[in-house]
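Noted in Swiss-Prot for the protein shown:
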type	residues	note
COMPBIAS	24-35	compositional bias 'Pro residues'
COMPBIAS	512-524	compositional bias 'Low complexity'
REGION	19-39	region 'Disordered'
REGION	300-319	region 'Disordered'
REGION	505-524	region 'Disordered'
ZN_FING	174-202	zinc finger
ZN_FING	225-253	zinc finger
ZN_FING	268-296	zinc finger
ZN_FING	340-368	zinc finger
ZN_FING	420-448	zinc finger
ZN_FING	473-501	zinc finger
């Protein structure tokens, strides 16, 4: 009984007097009303939904007219009381009509003036959730001043729920919490009652698609919590997305980013080498780097005189560190990249098959068939120290002739591809002799493929190689990939022709001139 009384008609003290004046007097004796009089005659029937029931209650000239006309309509149209008898539904629809009936209140409870007009709910009948949001049902809360709430510019003002949103679901109201983003945009929330955000009832059906939460001005001051573990993200980046809500410590004395020394960098033998660390001896990621940083790395500290050549650096910032030099490679692979036996394999080359540093890279670029000038019978005196300046090719730019190499004289360097007997053979390896996955490939790479290629090599005719190391096959079609990119992944084994760029341009010009002359003769 006390629970039902708790949700009964409870008015605020400031509106008690006004509510008492609004409560209608006991209905007078039944008299025929003149047709089309009162507020209802001006704005249509009492069931007109353009004006809520609050308008009829507080603006009607004759309160008894609005109450008598509206109570029957509300009782018949409300879906909240369809399971109750007609008499009970009419009583619950508008309890002010029962003002003259006596209401029992617990002893010691002060009965408000207007609250005495509310009839207690029958046994077994509970108030629904709609009664708490409808201003006019069961006297859930008073409606004075709610019209101003609809027209206020205050964003945090809670608007009352009107007839137009009666069919929409009701989600938890949590004043002071952030608005539920999904609810504001769609008017739905999959979390329902368990959602911890606020769900304003004034949001229209379908939500506000372009609604966005007001941006919060970031606060650079993070909380210091002595005794708590340090925030790892703050220690690394000096930022914390949780801000003042973070439960970890944010020490200010460690705000300055410390320069990581070589001894403090992580060693991860099972991971690939850190490329930047191997070239510069430093790593900007510090302890957060996931690659390996060996301590016994040796960086060249002085330039080395190699003939008349000038030491070239492997880094673009060579001007800032002139002491970092490298030894020019004696030979290059078919892609013009240096082959340096004993050096660490270039990780970028192993992954992508290319290297942005080209001939200046100081790492090894292995290939199944590397062209060694000594093995090919080329006079090594032609290969000067200026070989380091070459981006492509085997010899210096001064040698304008093509080196004619026969297949038996080509040095063969085997790459380390895994042999997995019982597994399927790697198709790409069997076709090209290369595998971009290297040791990580899960397929079989038979070693007898090398012997098969060596046996077939003497039967092949002489191959004329260009300065870039690609074969010249007169009469064959031009390699389409080479014509587009200037490179060829098949190298010397490609069956197409690889003409130099100058020859291609000259051939194109001559064909254009011939076509123009033909058109001129046809016109004449």
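In case you wondered, yes, glycine gets a Cβ from its N, Cα and C as well.
In the predicted model, residues of the zinc finger (473-501) average a pLDDT of 85. Counting Cβ pairs under 8 Å to the zinc finger (473-501), the stretch among 174-202, 225-253, 340-368 with the most such contacts is 340-368.
When the zinc finger (473-501) is classified with DSSP, helix, strand and coil residues number 10 helix, 2 strand, 17 coil. Counting residues of the zinc finger (340-368) by DSSP class, helix then strand then coil, yields 9 helix, 2 strand, 18 coil.
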